[in-house]
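Peer 1: Questions regarding the structure given below will be posed in turn.
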Amino acid sequence: MGELPFLSPEGARGPHINRGSLSSLEQGSVTGTEARHSLGVLHVSYSVSNRVGPWWNIKSCQQKWDRQILKDVSLYIESGQIMCILGSSGSGKTTLLDAISGRLRRTGTLEGEVFVNGCELRRDQFQDCFSYVLQSDVFLSSLTVRETLRYTAMLALCRSSADFYNKKVEAVMTELSLSHVADQMIGSYNFGGISSGERRRVSIAAQLLQDPKVMMLDEPTTGLDCMTANQIVLLLAELARRDRIVIVTIHQPRSELFQHFDKIAILTYGELVFCGTPEEMLGFFNNCGYPCPEHSNPFDFYMDLTSVDTQSREREIETYKRVQMLECAFKESDIYHKILENIERARYLKTLPTVPFKTKDPPGMFGKLGVLLRRVTRNLMRNKQAVIMRLVQNLIMGLFLIFYLLRVQNNTLKGAVQDRVGLLYQLVGATPYTGMLNAVNLFPMLRAVSDQESQDGLYHKWQMLLAYVLHVLPFSVIATVIFSSVCYWTLGLYPEVARFGYFSAALLAPHLIGEFLTLVLLGIVQNPNIVNSIVALLSISGLLIGSGFIRNIQEMPIPLKILGYFTFQKYCCEILVVNEFYGLNFTCGGSNTSMLNHPMCAITQGVQFIEKTCPGATSRFTANFLILYGFIPALVILGIVIFKVRDYLISR
């Protein structure tokens, strides 16, 4: 086979690329050099049980089949080296990274051991030892690069001065060539920001803040153009040279990247087909009778060679046999035995350094909550459209009511009672929706960020929830006061300042309850559209059962009457009815006494309507307020519990 241009002396990086065949453990015994950090993965296997049929097919749903995702994978890599894990979609690349980093869910069966500097790690130590950059870059879009990294540093590192955080962030940005975009916003699909390659660098920078010795990156070049992908790999290779272990998975690598990797591993259906240096890879496949053609991309050639072609049954059998032959050949090769020897030698070598845990001395619970609150507030305050809509969406609804009703009357023949009942019904029914719309629009991105950062150990998911709750409280109060101030006096409701205060307080509660109920459901259901539908259904049902406006509560079936006590609409409606109707006197047809016998003239005082619609509500006015506002902390506590459970389920 002719010499490949990227393995010639001019194209290679000198001794850096050739050191994989002789580990530093062996070098140390010869030259006496200081041993470096090492990562060993020994006989790792992972399988899950899947149901045969869909959940609605009871017979087939009860049957299960075991799926082997990883099978007897062993790797060895040292600091100063970068390893590339190749494989087609579904080959187990991401699962292998999850297994090494301790992020695999416990729903499957994991076997094997992971060693760092010869020490087997416990599950609770994985998070403190490895940094993991996911394939998707999830950030708060309205923060700048500098702010994003600074808040991450404040969450991850010990409490210190602002100068300490600034120096740390500036050093990392300089190392990753981000200084020129430090004050640019991250951006999103709604508005421009930094480029995809720069976003990927920010993801890497966020992990580097804790000085990790082992970094893993899942598909870091996916979605990037050729030049940017090459720059990212060069950057990672440079990071590896600075006494780090770097492992990346790549789906479709370019030939130019071949020379930058110290070790290359190839996975097929969860089995290791090869793991070694680029030179060892060329020699291994050449000895197996599959030399790489001159001027071909070794990545493409050997990925095609180790993939199973499922286009036809004959091709599938043929290619599967070839892959099995290559797997057996690798397990019998000196390269594989050298991997096992290095892992075993590291376990008993006493000169290796201790396990290199990340620099991690984070602030306490309330310190993290304060950082999250400041970060959430700064991010959401820059979203001008969201801020404006939060403040005026209730007011917009109120303006429609004003244009429709103009001003409520005291004449029962002109709809004095009916107009007030319709107004209160709309107010109690609409205010939870505005809260729900806010949460559905703003919280899913915060949830995505917290899902990722909580896996990095920066904080717990419920702390992000509580930070959002504290952030929305003042906005909700201001929005409700603006809405109430315009609607209450313009519509001509009971002209008393104290009544206006009760009115505003009564409408604030369902607005908050609607938003917090949405947050609770967002902790259970991933799709915001489904949450939207659930909240709408619950709000309509609660209003029908609890308000007493559609059907007299006393005439309801006992189960519905009992169910009404668990709806916040019952207490809110009783408060608003008493607040508006108590002490109110109605006229009927003016001075025309012939109209006094009209059925609509039966109600001449507001107290009559109160006793007819919600008997005893006047005496329960204070209790109703306490119960209504009791829903708010109850939902917050329920949300914290659910997000704690979510934290556990994602990490298990």
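Glycine residues also receive a Cβ, built from the backbone N, Cα and C atoms like all the rest.
A quick note: this is a predicted structure, and the numbers were derived from the prediction, not measured.
Pulled these from Swiss-Prot:
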- N410: N-linked glycosylation site (CARBOHYD)
- N585: N-linked glycosylation site (CARBOHYD)
- N592: N-linked glycosylation site (CARBOHYD)
- C61: S-palmitoyl cysteine (LIPID)
- 1-25: region 'Disordered' (REGION)
- 1-384: topological domain 'Cytoplasmic' (TOPO_DOM)
- 406-422: topological domain 'Extracellular' (TOPO_DOM)
- 444-468: topological domain 'Cytoplasmic' (TOPO_DOM)
- 491-501: topological domain 'Extracellular' (TOPO_DOM)
- 523-529: topological domain 'Cytoplasmic' (TOPO_DOM)
- 551-624: topological domain 'Extracellular' (TOPO_DOM)
- 646-652: topological domain 'Cytoplasmic' (TOPO_DOM)
- 385-405: transmembrane segment (TRANSMEM)
- 423-443: transmembrane segment (TRANSMEM)
- 469-490: transmembrane segment (TRANSMEM)
- 502-522: transmembrane segment (TRANSMEM)
- 530-550: transmembrane segment (TRANSMEM)
- 625-645: transmembrane segment (TRANSMEM)
Peer 1: Any idea which of the glycosylation sites N410, N585 has the thinnest Cβ neighbourhood at 10 Å?
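Peer 2: So among N410, N585, the glycosylation sites given, the one with the fewest Cβ atoms within 10 Å is N585.
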Peer 1: Need a quick answer: max count of Cβ pairs under 8 Å to the transmembrane segment (423-443), which of 469-490, 530-550, 625-645 is it?
Peer 2: 530-550
Peer 1: In whole Å, how far is N410 (N-linked glycosylation site) from N585 (N-linked glycosylation site) when you measure between their Cα atoms?
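Peer 2: With the alpha carbons as reference points, the distance is 7 Å.
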Peer 1: For N410 (N-linked glycosylation site), what is the secondary structure by DSSP, using just helix, strand and coil?
Peer 2: coil
Peer 1: When you check the transmembrane segment (530-550) against the transmembrane segment (625-645), do you get at least 3 Cβ pairs under 8 Å, counting only pairs 6 or more apart in sequence?
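Peer 2: These two stretches do not touch.
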Peer 1: Checking distant contacts: for the transmembrane segment (625-645), what same-chain residues at least six beyond its ends satisfy Cβ-Cβ under 8 A?
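Peer 2: For the transmembrane segment (625-645), the sequence-distant neighbours (Cβ-Cβ under 8 Å, at least 6 residues beyond its ends) are 460-462, 464-466, 469, 505-506, 509, 512-513, 516-517, 519-520, 523-524, 568, 571-572, 575.
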Peer 1: Do any residues of this chain, six or more beyond the ends of the topological domain 'Cytoplasmic' (523-529), have a C-beta under 8 angstroms from a C-beta of it, and if so which?
Peer 2: 440, 444, 447, 461, 465, 639, 642-643, 645-646
Peer 1: Give the residue counts of the topological domain 'Cytoplasmic' (523-529) per reduced DSSP state, in the order helix, strand, coil.
Peer 2: 2 helix, 0 strand, 5 coil
Peer 1: Is it possible to list how many residues within the topological domain 'Extracellular' (491-501) are helical, extended or coil according to DSSP?
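Peer 2: So the topological domain 'Extracellular' (491-501) is made up of 5 helix, 0 strand, 6 coil.
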Peer 1: DSSP says what for the topological domain 'Cytoplasmic' (444-468): how many helix, strand, coil residues?
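Peer 2: In the topological domain 'Cytoplasmic' (444-468), the DSSP-based counts are 20 helix, 0 strand, 5 coil.
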Peer 1: On the 0 to 100 scale, where does the mean pLDDT of the topological domain 'Cytoplasmic' (523-529) fall?
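Peer 2: Summing pLDDT over the topological domain 'Cytoplasmic' (523-529) and dividing by its length gives 93.
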Peer 1: Under 8 Å between C-beta atoms and at least six residues away from its ends: which parts of the chain pack against the topological domain 'Extracellular' (491-501)?
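Peer 2: Counting only partners 6 or more residues beyond its ends, the topological domain 'Extracellular' (491-501) has Cβ contacts under 8 Å with 401-402, 405, 407-408, 420, 423, 484-485, 579-580, 583-584.
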Peer 1: With DSSP, how much of the topological domain 'Extracellular' (551-624) is helix, how much strand and how much coil, in residues?
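Peer 2: Going by DSSP assignments, the topological domain 'Extracellular' (551-624) contains 43 helix, 3 strand, 28 coil.
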